[in-house]
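As structure tokens, the structure follows; a few thoughts come after it.
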Amino acid sequence: MAEPVTDCVAREFYTSLSSFPDKKNYKHAFSLIIGPQTPQTEMIRCISGSSSSNWIFLTVKKLPFFLPNSGGYGKKSGRSKKWREMVMLPPVSRCGELRHSVGKDFSSLCDKQPIGRLLFRQFCDTKPTLKRHVEFLDAVAEYEVADDETRSDCGLSVFNRFFSDKAAPLPEIPPDVVRRCRLGLKEENPSKKVFEECTRIAHDYLRGEPFEEYQESSHFSQFLQWKWLERQPVTKNTFRHYRVLGKGGFGEVCACQVRATGKMYACKKLQKKRIKKRKGEALALNEKRILEKVQSRFVVSLAYAYETKDALCLVLTIMNGGDLKFHIYNLGDPGFDEQRAVFYAAELCCGLEDLQRERIVYRDLKPENILLDDRGHIRISDLGLALEIPEGQVVRGRVGTVGYMAPEVVSNENYTFSPDWWGLGCLIYEMIQGHSPFRKFKEKVRREEVDQRIKNDTEEYSEKFSEDARSICRMLLTKNPSKRLGCRGEGAAGVKQHPVFKDINFRSLEANMLEPPFRPDPHAVYCKDVVDIQRFSTVKGVHLDTTDEEFYAQFATGRVSIPWQNEMIESGCFKDINKSESEEALPLDLKDDMHSPVSRPKRGFFCRLFRRGGYIGQGWWLTPVTPALWEAKAGGFMRSGD
């Protein structure tokens, strides 16, 4: 293995890049400093081990063959040259069992699952009446996220477009419902729910006979093909693995990239022996199941769960902007201006609302667990202490981080979601003041003293707080949970109504339509240098055996539907596959003997040896594919690397 790159070599590397600006000479620049015979994977490993790894990481990110959006792994950004083989759809005849196992839930198949939603819309586009209903629902969705100044005009536009005398009718919506909509729009400040009854009727109509017709269509058969692909095994070879970003309780977190799409993720690797030694099976499985269940743009998403020989791996949303703790204490004076703090608080409120909708209490709200993405939006991460609370029940447990635990947690009393609203109060206070409410930054104080402050002391406010900011902190940091904001029966809705959020349009925020007040520098690496991240020592005296396999099988369930389908759409794979099938003029599902086209196969040794002699002059990949041939090809690419 090549030696790690030193600072001196890093400078030579930079000079080499300047000398070879042409795209095809980047690898030559590498060879000058690492060796011309060094495999690309070894080059990556050398860079990852450098004492200047963060600096080099930023330089290498710009190379066309290295990191996401580079275009060097084939014609598409970041994709493997064999991406078409990796996302090759099966013949429809293989999807018969799926037709029965995916269920008949309209909401899941046609709304929540992104590919299902797209294909159902494509089906509706073939029928003018159904297309009209979909256009109406889209128009109402735009109305609901309109700001207060434009909502009235937007509502009138929707009404005139779909309910005026000249408009094509929506016969399923009764005239009396239409009249109520007209009256609602005449109010000075029309409600966002003016069209609520109309949308319910439109949805009920679509989930009836149109949904039944869709299930017999070619579009639904194509959806089943994608579901088949979604359920295929996931291994470490599904990804490219890059530098270590940090470490957790059971293992390291590294950057990784999906070979087929080029999408970057963070891979949390939980060492099997470390889990077994610390009896952490239930904790690891609980975190995985909660991540899998929660689909929120304000909570990190789980996209894949798989296992290797030594580790259980969670593939999560990558957040390149660093955590709030870093931003509060390491960029200028401690703390944020109030506008920025309120924006993050609003997004946290939405994240807690999404968790509580699934009856999940988070229990570890603190700055280092709140991460920023490239645009500056935040997500809640590290759900290791989160817990699902059954309806009508309470829990007890003294868990969390010193200085952020609520009084009822410190006192080991029963609770439901109250600790999270206390945690939000702590975070808002810290973002504005520059230290937590009951312990100053780097203050050396015993845990027992901090707990006593939480139970007995009243937090102090400086001139940094406006009246509204001071008010929401006091209401969230109320010692008695029954009197705390968010815990009096109103939940997140009550918190959102506080005057501090008067300038936040929560509908627009939830639709990802608001620009954050701060955007991370794309040229910065918001994580420690590789050499500063302590590696785990080897676990001794622990042996894995067959009794552990049941736990591993429960954990390693592969792709998670919604994030994976979003990845297929956002990366362009879904569109490109549809386009290629259209160009090949091969019907997806009208006949069982018609199959998806396969891409050109990898040439073997003899093919390459005799290529100049015309050995491969007959392109068999252009002919119709039999099931046996498809099976052989599919088995080959699933075992192959990149």
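Using N, Cα and C of the backbone, Cβ positions are placed for all residues, glycine too.
Noted in TrEMBL for the protein shown:
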type     : residues : note
ACT_SITE : Asp364   : active site, proton acceptor
BINDING  : Lys277   : ATP binding site
DOMAIN   : 112-224  : domain 'RGS'
DOMAIN   : 239-501  : domain 'Protein kinase'
DOMAIN   : 502-567  : domain 'AGC-kinase C-terminal'
Neighbouring C-beta atoms (10 Å sphere around the C-beta of the residue listed as 'active site, proton acceptor'): 22
Inter-residue Cα distance where the pair is the residue listed as 'ATP binding site' and Asp364 (active site, proton acceptor), in Å: 24
DSSP-derived class (H/G/I helix, E/B strand, else coil) of the residue listed as 'ATP binding site': helix
Per-state residue totals over the domain 'RGS' (112-224) - DSSP helix, strand, coil: 78 helix, 0 strand, 35 coil
Other CB atoms, at most 10 A from the CB of Lys277 (ATP binding site): 14
